[in-house]
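Asks: Sharing a structure below in structure tokens format, with a few things to ask.
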Amino acid sequence: MAGQGLPLHVATLLTGLLECLGFAGVLFGWPSLVFVFKNEDYFKDLCGPDAGPIGNATGQAGRLGCMGDLFSTPDCKAQDERFSLIFTLGSFMNNFMTFPTGYIFDRFKTTVARLIAIFFYTTATLIIAFTSAGSAVLLFLAMPMLTIGGILFLITNLQIGNLFGQHRSTIITLYNGAFDSSSAVFLIIKLLYEKGISLRASFIFISVCSTWHVARTFLLMPWGHIPYPLPPNYSYGLCSGNGTTKEEKETAEHENRELQSKEFLSAKEETPGAGQKQELRSFWSYAFSRRFVWHLVWLSVIQLWHYLFIGTLNSLLTNMAGGDMARVSTYTNAFAFTQFGVLCAPWNGLLMDRLKQKYQKEARKTGSSTLAVALCSTVPSLALTSLLCLGFALCASVPVLPLQYLTFILQVISRSFLYGSNAAFLTLAFPSEHFGKLFGLVMALSAVVSLLQFPIFTLIKGSLQNDPFYVNVMFMLAILLTFFHPFLVYRECRTWKESPSAIA
């Protein structure tokens, strides 16, 4: 990495981090934006005449604090349901579109994928900028488009880790943390709104930033893909408009095959016949395996709870605060500040790396399988993620406002562990040639499960009369069920250590 390429690599790294931090995952700052939308009377017409007297009775005090009277309306469930449905669609697209956007990136390379991302993102921000209370229904189009653009930004930036060799995993983890932390952008928009800067002005500024995305696409990113391992004299962007040459690609593929054979297929040398068994197994045999199905359950349950919490946070805080919108604003800001999870993201990776090194030393002494060692290193991470989510759900279920500060902290740590553990487990537990398909499949199926958040929210607002107690209890029981996944993986690891020939 030495030489003239180093400044270019560093510039690509830093601008990519800024792009993910400022744009890619803004959807998850939804509670802050809902606060602004409500103040602008979005979907207020759905509240009906019954909501009027309550709002007017308490609205004057709210207006003194520059808040709309609607915030003091405790039973405008139709408006809350509409905002919840928009977030449900946006979060669904965030996961479900991982597979098709990944295909676009693989098939059409970096530049085309980024131009598509810029088109979706800019169109979405312009729609939001020029949407008003009368045309609020356009948010159903804008938020999914914003999500698709953000996912493509993240996917095209993750390859930058390939430029830094041994620091590759750290950089990838850092970018995922930046993606999570970008939810703070909507907090900034909310704070600016309270200072008198309109929602339209903020989103027009974000739209104008697309010129920076375009410049970065052509000046600091390759036309094709950044290979790993990085070939000698590799150039892109400012140095070369052609990206990877045919010779460089062949070199990278040859070196990559050697690397994969060392990391993923070393079990063939340790366990004769085990590697041949794996080669004979099809993608669908892994997709229907107990290991994959339980991982899908683990991801889907924890992710659904996260999405339900974020999508209903404004309504939850309003109920806990008894309609006091000054307190709701304070806690909404606190939630957004805690979402700066870029500092939490590397913890999980460091934990797994340390455990993997420890187990590798033990494997050399005992002659255990490399595959068993890699899989065993995921068990503490999977279990810790479930434990964090259980603590997060428990705190969120207690209707005490000050306790929600702890809820917010546990939520962001749990979320940063969730996606890191997901990717790491799929990488270590299944053959590398199936990783992309299995990752896309698990994200798409978990996205379908995430659609349950809207009927659950409707149930809370309707039959349960705004009391989420029974839903929270059911979720805590479901989260307890997720501990079965790391337990099964642990048992499998023990079996492998005792009988290496059992690897499958």
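Cβ coordinates are placed from backbone N, Cα and C, and glycine is handled just like the others.
Note that TrEMBL annotation is computational and uncurated.
OK, TrEMBL features for this one:
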- 12-37: transmembrane segment (TRANSMEM)
- 83-105: transmembrane segment (TRANSMEM)
- 112-130: transmembrane segment (TRANSMEM)
- 136-160: transmembrane segment (TRANSMEM)
- 172-193: transmembrane segment (TRANSMEM)
- 292-310: transmembrane segment (TRANSMEM)
- 330-350: transmembrane segment (TRANSMEM)
- 371-393: transmembrane segment (TRANSMEM)
- 405-426: transmembrane segment (TRANSMEM)
- 438-457: transmembrane segment (TRANSMEM)
- 469-490: transmembrane segment (TRANSMEM)
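Could you tell me the structural context for the features on the list?
Replies: Through the fold, the transmembrane segment (83-105) approaches residues 27-28, 30, 34, 37, 42-43, 112-113, 116, 139-140, 143-144, 146-148, 150-152, 155-156, 303, 307, 310-312, 314-315, 436, 439-441, 443-444, 446-448, 450-451, 453-454, 457 of its own chain, all at least 6 residues removed from its boundaries and within a Cβ separation under 8 Å.
Counting residues 6+ beyond its ends, the transmembrane segment (136-160) has Cβ neighbours under 8 Å at 12-13, 16, 19-20, 23-27, 37, 42-43, 85-87, 89-91, 93-94, 97-98, 101-102, 104-105, 110, 113-114, 116-125, 127-128, 171-172, 175-176, 179, 182, 213, 221, 225-226, 228 in the same chain.
Under 8 Å from some Cβ of the transmembrane segment (405-426) lie the Cβ atoms of residues 173, 176-177, 180, 295, 299, 302-303, 306, 309, 334-335, 338-341, 344-345, 347-349, 352, 378, 381-382, 384-385, 388-389, 391-392, 395-396, 435, 438-439, 442, all in the same chain and six or more residues away from its ends.
For the transmembrane segment (438-457), same-chain residues at least 6 beyond its ends with a Cβ under 8 Å from one of its own Cβ atoms are 80-81, 84-85, 87-88, 91-96, 98-99, 102, 283, 286-287, 292, 295-296, 299-301, 303-304, 307-308, 311-312, 422-423, 426, 430, 471.
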Asks: Give the nonlocal contacts of the transmembrane segment (292-310) in its own chain as ranges (CB under 8 Å, at least six residues past its ends).
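Replies: Contacts of the transmembrane segment (292-310) (Cβ under 8 Å, skipping residues fewer than 6 from its ends): 28, 30-31, 87-88, 91, 95, 286, 316, 382, 385-386, 389, 392-393, 396, 411, 414-415, 418, 422, 425-426, 429-430, 438, 442, 445-446, 449-450, 452-453, 456-457, 475, 478-479, 481-482, 484-485, 488.
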Asks: What stretch of 112-130, 172-193, 371-393 shows the most Cβ pairs under 8 Å to the transmembrane segment (12-37)?
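Replies: Ranking 112-130, 172-193, 371-393 by Cβ pairs under 8 Å to the transmembrane segment (12-37) puts 172-193 first.
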